[in-house]
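Please read the structure below before turning to the comments.
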Amino acid sequence: MAAVSGHWAFAFGVLGNIVSFLVFLAPIPTFHQIYKKKSSEGFQSIPYVVALFSAILWIYCALLKCNATFLITINSVGCFIETFYIIFYFYYASKKSKLTTMKLLGLVVVLGMGIFCVTHFLMKPSQRPIVIGWICLVFSLCVFVAPLCILRQVVRTKNVEHMPFLLSVFLTISAVMWFFYGLLLKDYNIAIPNILGFIFGLLQMALYARYRNTDKMVEQKLPEVGKQIASVLEEEKNPSHKIIEVFKLSALLRSHKNGVEATPQNQA
């Protein structure tokens, strides 16, 4: 039974690596859009900074555990990709966004050094994997929660342009794979955050499905609005319609005035 469980854990570990790799590649359309616009306006660096920090923590945690090769391989790849994303984002970001990103990175460095110093120098070797495992659990939840920061903007604007849908899809699938991997290894620090990750992923996809047709409706109405604007502009160019309306109004006023003046004469 243990051998069967080990085989299934290996299978889900491989699948988890594949899907997680797709998760890391999912933001490519977002960065392609940033490249075309030459601006990162509307997008945030929080998901990528949090993902980078989480990957570093999982590597540290995996080095303290046994049979954690899958965690080391995928998170090493993740560190490289997320670093590239942050550099790319920083290049096209506004001064305000650059400052925010630098503050986040500074916070991550300080927090990471603090965690390393506390666990490495103040704890026994047997306690380190447990403590780091729980810290990784917290930051894994942050990785799933990070894309939710854009949901408020989606609800407010009813526009999903800046919502990384592919990231939400692959995070949801990845959560399923890593949940079973952690469950089969009885490592609940891996399994637990992926339960909430699955729920958050479904929430993001549901919200995308709710508002994805809004942009299409706007695009369909744009030609009609354009025709109305063109009609108004045409009237502005051709004032003959206004002249006709002025003549009609003048004639109406004259007839009304004549009627009022004629009343006393008829009474006399």
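Backbone N, Cα and C define each Cβ position, glycine as well.
These come from TrEMBL:
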TRANSMEM  6-25  transmembrane segment
TRANSMEM  46-64  transmembrane segment
TRANSMEM  70-92  transmembrane segment
TRANSMEM  104-123  transmembrane segment
TRANSMEM  129-151  transmembrane segment
TRANSMEM  163-184  transmembrane segment
TRANSMEM  190-211  transmembrane segment
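Remark: the transmembrane segment (70-92) makes no contact with the transmembrane segment (190-211), by the rule of 3 or more CB pairs under 8 A. Listed by sequence, the residues of this chain that lie at least six past the ends of the transmembrane segment (6-25) yet keep a Cβ under 8 A from its Cβ atoms are 51, 70, 73-74, 77-78, 81-82, 167, 170-171, 173-174, 177-178, 180-181, 184-185. Outside the transmembrane segment (104-123) by six or more residues, the chain places 45-46, 49, 52-53, 56-57, 60, 86, 131-132, 135 with a CB less than 8 A from a CB of the stretch.
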